[in-house]
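Written below as structure tokens is the structure these notes are about.
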Amino acid sequence: MEIIMRNLCFLLTLVATLLLPGRLIAAALPQDEKLITGQLDNGLRYMIYPHAHPKDQVNLWLQIHTGSLQEEDNELGVAHFVEHMMFNGTKTWPGNKVIETFESMGLRFGRDVNAYTSYDETVYQVSLPTTQKQNLQQVMAIFSEWSNAATFEKLEVDAERGVITEEWRAHQDAKWRTSQARRPFLLANTRNLDREPIGLMDTVATVTPAQLRQFYQRWYQPNNMTFIVVGDIDSKEALALIKDNLSKLPANKAAENRVWPTKAENHLRFNIINDKENRVNGIALYYRLPMVQVNDEQSFIEQAEWSMLVQLFNQRLQERIQSGELKTISGGTARSVKIAPDYQSLFFRVNARDDNMQDAANALMAELATIDQHGFSAEELDDVKSTRLTWLKNAVDQQAERDLRMLTSRLASSSLNNTPFLSPEETYQLSKRLWQQITVQSLAEKWQQLRKNQDAFWEQMVNNEVAAKKALSPAAILALEKEYANKKLAAYVFPGRNLSLTVDADPQAEISSKETLAENLTSLTLSNGARVILAKSAGEEQKLQIIAVSNKGDLSFPAQQKSLIALANKAVSGSGVGELSSSSLKRWSAENSVTMSSKVSGMNTLLSVSARTNNPEPGFQLINQRITHSTINDNIWASLQNAQIQALKTLDQRPAEKFAQQMYETRYADDRTKLLQENQIAQFTAADALAADRQLFSSPADITFVIVGNVAEDKLVALITRYLGSIKHSDSPLAAGKPLTRATDNASVTVKEQNEPVAQVSQWKRYDSRTPVNLPTRMALDAFNVALAKDLRVNIREQASGAYSVSSRLSVDPQAKDISHLLAFTCQPERHDELLTLANEVMVKRLAKGISEQELNEYQQNVQRSLDIQQRSVQQLANTIVNSLIQYDDPAAWTEQEQLLKQMTVENVNTAVKQYLSHPVNTYTGVLLPK
């Protein structure tokens, strides 16, 4: 009886403790009800998630729950090598037959078919239409053979060694060197430290087919696999495909995936990364701590707290930079990154102005110490919570339109980490309820927990010897930390949010003309001269896309301004509009479900706004204000201007950028290709930048608004006339630009400044079309280029094992009336002449041969699939209309593409190709070689 009473008292005490304010029973999280999971008799797990966007498309992913972490010391790189070999022969599809089979279905390697190897997993991905049942069956048969019947023929293995070596070589850039210098600090005491997926090239050079097969048989077993199906497919059909093709795999057991717990490195470390190609100088503080796996409500809250701390830091830092309180740095960020299966890192970084490392260190120390002393305010936290809840509510409303690839990737992550897959609705409701327990006090406790963590290191990044000499010593950093810990700092005052966007629009504007261009495609001309193209998509998206296309771009400006126009546009776009600051605009945009972006090119500027069909007005308000009431933040401009000057000063230290600039100047005889001098950049004020940006949209008569979405025309017309028709002509209109003047002489550029053991080769051939290239001709050239790209891949990447990737790209300049072909690849330095000669021989042979019926059929399938997706996607359809307008001066040209596709013949394609691509007017060749 006494024991029973003691147990009862203990249970009552435990329950009372768990129910205290701020404490939470670890309740399980609910799985998305749409997700179907199960396991076959042989141990293979599956996940099926029906998702109708885009229509008739499905993603099929095979996830092997093993990556480079499971490699033995003599296998470093084998997991990645095995992944490559899946595309080099299976029992039924030997050699390149796997890739050829995919291509015969109209699928493109890279876009529709891909694979990757990470530390924890190896994943094979195929995306294809669900309407082609025979192809679905064949793809599933390939997945079955990837799972159990790869061949690892010696000839294929030997050929792939060079491909992997070139992949390794191609990635040895400044980013790679920085990563290598950081790894011993960031990944200390983790298995990840010496298990990079790319592996060791000694292993790649010597591993035998038998060793590859042994690794494959050890890990590629059903109980170590998950098959993921996401898309517009009936769940019963998906399950039948899985069972029919994967249930017959032998029920062999894979080796058990081992776990290596990360040990804390509990002492402060100091790192300096000195690389001339670093774009900025800066200082950062990294913390390492256990990863939060979100499995229950308590971990859901904890993960949100860490995430909110990062967002609060970033928000405050940006506010202080934009307000002018932090003029000693040019930017900064905080982020959280996964560094091992069980560990993460939170870091806080600021970028120095010029090479002032002391100022940067002071700024970061002050920010951290201010939070130490005062934490974050209730107003800041409420703002972050409100903004996040708005994003989550928008995700609920827009869940039917989730990106298919991102959705599949999230499911794969859930499978890998064995965590619940939450629906958007559950995520929103949980956040609304559980975030109430996240308070200023709980965040302060979390912050102090982080700051007391001894597993940390300071990192300074410098790009020149002056900055390196100014880098702080460990003793100086420790002294500065102590100084700021004892310094009394003022609390940060949150500026609040203005969420009112006042638009003074003229409701009297009229439509002066209307024309039907095609079915569901209408052209309007407004009384202010602006043109509007209205289109409806074939899908059911509740999205409205508005794109303002100006026929003014950076080529409309003189040489002494041209290279600053894109920078000015970036500064204006980041400064808010009208009465809304940049931060207030982000909150306003979230609450009204709108997004905005802009892009300046040579002859055009695009301003794109996305809104919702059930509330389109904010989208029109935003684009009106961006054109008529744009503004610029002086401090944002100063930061961007400083960064541009520093980039110019250090251009000689970045060979790849210097090489690209030299090639650009070589191809044109035009001062507008030249870089500006430091004093020219410095003299361009914020007011100059704002004036230049406003000139891009200075005349409504030079703007075409492309509007795509399923909204009633009468409703749209009222918004169009009010918000677009009220845009007035500027007092300082800008003339349309002129194409760059082409260089008339052939040229060759060789730069021996590369820091990596790799050659970068670029060859531009220019062809004079004399007359504008129409859509049928462009389609013929594209079909040819697809076949040429395949030839280059087979001959250079695979047979010659000479390059990791080979790029073949055709572009048409409608204003200059010329066609350019770019051939680009990276390779072993001593082979660049050999491989360039081979590439040109391949092109000559392909020109003589033309394309075949089979190749044309593959191209037609590929394009038809793109057209099907495009016409159901609001965003893609809007982009297609814009491209049609820019390339052919006809917003309806794209409507002929499907019919033209059917009319294409081998004879017509080959005739067009020989007419336009047989005789280049100029050839410009460039090679970037190691020092």
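Going from the start of the chain as shown, residues are counted 1 onward.
Cβ atoms are placed via backbone N, Cα and C, with glycine included.
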* Can you tell which of Glu160, Glu166, Glu167 Swiss-Prot lists as binding Zn(2+) with His80, His84? -> Glu160
* His80, His84: which of these binding-site residues has the sparsest Cβ neighbourhood within 10 Å? -> His84
* Shell of the Zn(2+) site beyond His80, His84, Glu160, same chain only (C-beta within 8 angstroms of their C-beta centre) -> Phe81, Val82, Glu83, Met85, Val163, Ile164, Val204
* Asked: How big is the Cα-to-Cα gap, in Å, between Glu160 (Zn(2+) binding site) and Glu83 (active site, proton acceptor)?
  -> 11
